[in-house]
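**Student:** Annotated region 'Disordered' per TrEMBL: 1-39, 75-98, in sequence order. Under the heading compositional bias 'Polar residues', TrEMBL lists 89-98. As annotated by TrEMBL, transmembrane segment applies to 106-130, 189-208, 220-238, 289-306, 354-373, 379-398.
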């Protein structure tokens, strides 16, 4: 394999990833690999980061797609998890027109996101001291544990513990792999983002398809245990050693558009560990990141307020789809939009991400008004709006991280990428906290 073992040693046997020899060590000058080898390494890393994005977010997405089933928690004889693929809708709250669960699906969202928030808040303070390989192993084990625990759970509480494991896996993986992109050509950010979008689409579609075909949620979740194994194989077997290369890979247009994130940035240097950055330097980088962090927080607040606060309440009785099926279709269409836009960086780049935040907030206001007033006549109009919502969210994510990678020096890039990934998690957490009381208010007083 293209130097995988060497890659793991360099990225894990020290305080943070060391790409080049320590001071005082002599390095043998390595000949530049021939173009054919470089092309092969490029595609290995591209496919590797796409698969890492896919596998890392898969369990997180599946748990959100299964949120309605987890809270309904219907039991068949023998304590086997079971959801009828075409159940007759039953109202959990006969006084409400919304057919509410006793607990909002935002409860699953919070279990799926709060551990991630804690990990991302602590990551800039010391996670770089933990080698990459143990982090990836922990992420894979937690993902597998989440599927097993939810599949064999006999209560909502145990199921939520499994959701927490999925959150730990996704959060630890995201902060790890985004930091790892600092040691590879900048193009891998696009591949990683596309993979995370693919996780949304394939995760939601696989859960929808398998349960629609009559498979129980238990067997559906157990069938997904190959995903954590694929994550580990992609990291340990597919990625090549990140050699001393130009991490940018940017064209003249990118270079011309580059606006330093920090006015006092030093000239571009080779990427290395961010562990040597002082607290003052970290604070300066963080302040420079705010113009990207704040819009992304708003985008994710609005879209997850819609997803976990309003999806369950956007219930159409005049359709052939049951309530549970409507919820799964909403999740799948949202993820389809995310996948399309997260894969669009090569043909569409957006610098002013605040515009995406404004449009997403308008989406939230429109759907919230419909929940209250019920003026949309057809579920298919909601399908289109949700697809558009996913397009905005995916575009905000991939363009935010592309702009950050473009505007940070190599010295700061690893820290900047690991820090900025708190944006989506913070927005999602805030939306979950507000969606819970909204759910209770609408279900009790409408």
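We number each residue from 1, going along the chain as drawn.
Backbone N, Cα and C define each Cβ position, glycine as well.
Where the annotation comes from TrEMBL, it is an automatic prediction and has not been curated.
Tell me about the surroundings of these features in the structure.
**Tutor:** Panel annotation: around the transmembrane segment (106-130), residues 15-16, 60, 63-64, 66-67, 70-71, 160, 163-164, 166-168, 170-172, 174-176, 179, 273-275, 282, 286, 304, 307-309, 414-415, 418-419, 421-422, 425-426, 428-429, 431-433, 435-436, 439 of the same chain, lying at least six beyond its termini, place a Cβ under 8 Å from a Cβ of the stretch.
Here the transmembrane segment (289-306) has Cβ contacts under 8 Å with residues 109, 261, 334, 353-354, 356-357, 360-361, 363-364, 367, 386, 389-390, 392-393, 396-397, 400, 403-404, 416, 419-420, 422-428, 430-432, 434-435 of the same chain, all six or more residues outside its ends.
Nonlocal intrachain contacts for the transmembrane segment (354-373), taken as residues 6+ away from its ends with a CB within less than 8 angstroms of a stretch CB, comprise 294-296, 298-299, 302-303, 305-306, 310, 313-314, 382, 385, 388-389, 392-393, 395-396, 399, 442, 446.
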